[in-house]
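Here is what Swiss-Prot says about this protein:
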type: SIGNAL; residues: 1-21; note: signal peptide
type: DISULFID; residues: 31-226; note: disulfide bond
type: DISULFID; residues: 73-83; note: disulfide bond
type: DISULFID; residues: 88-94; note: disulfide bond
type: DISULFID; residues: 142-214; note: disulfide bond
type: DISULFID; residues: 147-197; note: disulfide bond
type: DISULFID; residues: 155-165; note: disulfide bond
type: DISULFID; residues: 169-178; note: disulfide bond
type: DISULFID; residues: 179-184; note: disulfide bond
């Protein structure tokens, strides 16, 4: 077999393996405004107009991974700039986590018992309604979930910031809200989020009702910003002003 033929066979096998493996993530923007999607440690960042999608593949073993949306961004041709919510160090291609407030889709693939673990979290606050889950649902807690309440419009005054609703830990700090020194429970402020998004993490130890699992290798995943039926589907229902134009090139 020639070297060229060997390379071609290797490429075809790799392509078939990739296209048949789970772990493909689609990030779709259904909001009536531009969202600058972000994903770490796999993905980076992408500008999404309404109706646009972005796909990337996360390999088995990926963990502590996040997907979120950024709003009111301005980036130059080199991908440097700033976002009002979810900013990740002033770059389009995120390498680190975003600045609160930002609604999060979190996941870890192919962990113990060959399970994928995933969730929606508002521990870092809320900026955009979101749905997240498997494209091929399975038994138990392997089904899509969402957080679509009008949290920005109803946000307590102590947590309200431009473009979103901040989290109590960032705002006030301390064990009560941050749970950094041992067990902790819900607070009145975390209950504000939980009552509106019962499937989402509302404080760091909100595991029993907020962690979802799917069997590894059985499904891909989809994140949607402003899923159908959410309060942000139409501009008139979005409670915080969005810009009519931006300056970035992305």
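Cβ from N, Cα, C; glycine included.
Long-range neighbours of residue 179 (disulfide bond) (same chain, six or more residues apart, CB within less than 8 Å of its CB): 203, 204, 205. According to DSSP, residue 178 (disulfide bond) is assigned to a helical segment. Sorted by the number of other CB atoms within 10 A, the disulfide-bonded residues 169, 178, 226 start with 178, the lowest. The CA atom of residue 88 (disulfide bond) is located 30 Å away from the CA atom of residue 142 (disulfide bond). Of the listed disulfide-bonded residues, namely 73, 147, 155, 165, the sparsest Cβ surroundings within 10 Å are found at 155.
Straight-line distance linking the Cα atoms of residue 94 (disulfide bond) and residue 184 (disulfide bond), rounded to a whole number, equals 31 Å. Within its own chain, residue 214 (disulfide bond) has 115, 116, 118, 134, 137, 138, 142 as residues 6 or more apart in sequence whose C-beta sits under 8 angstroms from its own. Neighbour density for residue 142 (disulfide bond): within 10 A of its CB lie 19 other CB atoms from the protein chains shown. Closest by Cα distance to residue 169 (disulfide bond), from the disulfide-bonded residues 147, 184, 226, is 184. When the Cα atoms are compared, residue 147 (disulfide bond) and residue 226 (disulfide bond) turn out to be 9 Å apart. DSSP gives residue 147 (disulfide bond) a strand state. With respect to Cβ neighbours within 10 Å, the disulfide-bonded residues 88, 94, 184, 197 differ, and 184 shows the lowest count. Listed disulfide-bonded residues near residue 178 (disulfide bond): 184 (candidates 83, 155, 165, 184, 197; Cα-Cα distance within 10 Å).
The CA atom of residue 165 (disulfide bond) is located 15 Å away from the CA atom of residue 83 (disulfide bond).
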